[in-house]
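S.K.: My questions all concern the structure below.
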Amino acid sequence: MATINTSSGKETGQTNTLPINREATADLDSANAFEGAEKLLEVWFVPSPTMLSESSKPNGLKSVSRNLWEQMLNLVRCKVLSVIQTEHVDAYLLSESSMFVFPHKVVLKTCGTTTLLAGLARLLEIAGVHGGFTQRSGTNMAEPYRLFYSRKAFMFPDRQEYPHKSWPDEVKFMEQMSLRGSAYKVGRMNGEHWYLYLTNANTMLTPPLIPTKDRHNRDTDETLEILMTDLCPVKSKQWFMDTTTTDVKPKDKKGDSSQGHDLGAIVTNSCRLAEIYDKSRFPNSHIDSYIFNPCGYSANAVIPSQVKDTSYYWAVHVTPQPHCSYASFETNVPREESGREAVDVIESVLETFNPGRFLVTLFKARPNLTDILRIDHSEEMAVSKRAASIEDIKGYRRMDKIDHDLDGYDLSFRSYER
């Protein structure tokens, strides 16, 4: 059994040990990696984990076996390296980025030439057949409550495979699945830009009367993403295996680790990513990280809430080669729990990578009409203040400022240059 690295070094009573995939890690070579920009898919099947239907499995999507998820990931063309398993979420560290499985939703993020959307139909089928979620009429695929798909413009789009050759191809692919979403291109046509496809909330899957605590859980949905390019060459050295500590050796075949995981844990601490969120504030957090050979880095963190019956996450992925340097940071830890404004998190991440350019997207769910009638406008003001707080980033010039009022969400997009 593999003991997953933890930021606290403490056992919590939660299950956090699963086998490391030695077959996948043994010959993992990132020498030919070239495209760091990820494709990001997030599929919700109900608004919160406490709203699973009577037909759903007791633990929803977390009831699905690892083997079934791996079958889906084979279509996407990536492998599972290791897993953090907790009460609220299973965090899969992949050969190409990350997957987070909650009882009610899946977040899948993959880079390179992975064919993420090729796994979507199978994901919906798994949710419908093995998760017990409401199925589409005449199919065994689950009906999504909401679906989000996004990505930054690729550096090398000609090297992608269908359906990721172009944004129109990706949109057409999803439209052929009758997802009935809206597609956006955000940013400059001749500069940094970002694509988004999202569906409206499926009201057929929303109970007419939602308990207050469930409305609260849903309405605090908040995701911050930082997409960085032109990484500082000096900072990038820490993501190369030969410049990382070489004294760490893999344990014997029956051991609980691998060299990539051991080196990943060292770098996570030395680059200060483990300090993004205060350890004393989240003492039971877990981090699973990996250094690739000869270079590259991935990390998943699970952050148990201190005030709710839920957990959050952050994920980091790095492609450090000079000709295609890229790094991403994504988190859904809300400001209300972290005690940190978005600008503080952004500046902490920038200290680690010192990129020449970066994009920021900040998604925040808005209260629905029922909630607006029972609350004041303090939350609306807080969202506006949060977006305003990312206007000025030390050492960078803001190039673009775009705000969208989407169905149930506020989106803030910013781009910067050093």
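Every residue gets a Cβ built from N, Cα and C, even glycine.
Just so you know, TrEMBL annotations never went through curation; they're auto-generated.
Okay, so TrEMBL annotates it like this:
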ACT_SITE  SER97  active site, schiff-base intermediate with substrate
ACT_SITE  CYS111  active site, proton donor
ACT_SITE  SER298  active site, proton acceptor
ACT_SITE  HIS317  active site, proton acceptor
COMPBIAS  1-19  compositional bias 'Polar residues'
MOD_RES   SER97  pyruvic acid (Ser)
REGION    1-21  region 'Disordered'
S.K.: For the active-site residues SER97, SER298, work out the Cβ neighbour count at 10 Å and name the residue with the minimum.
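M.R.: Counting other Cβ atoms within 10 Å of each of the active-site residues SER97, SER298, the minimum falls on SER298.
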S.K.: Give the sequence-ordered list of residues that share a chain with CYS111 (active site, proton donor), lie 6 or more positions from it, and have CB atoms under 8 Å from its CB.
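M.R.: The answer is GLU35, GLY36, ALA37, GLU38, LYS39, GLU96, SER97, HIS317, THR319.
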S.K.: For HIS317 (active site, proton acceptor), list the number of other Cβ atoms lying within 10 Å of its Cβ atom.
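M.R.: Cβ-Cβ neighbours of HIS317 (active site, proton acceptor) within 10 Å number 24.
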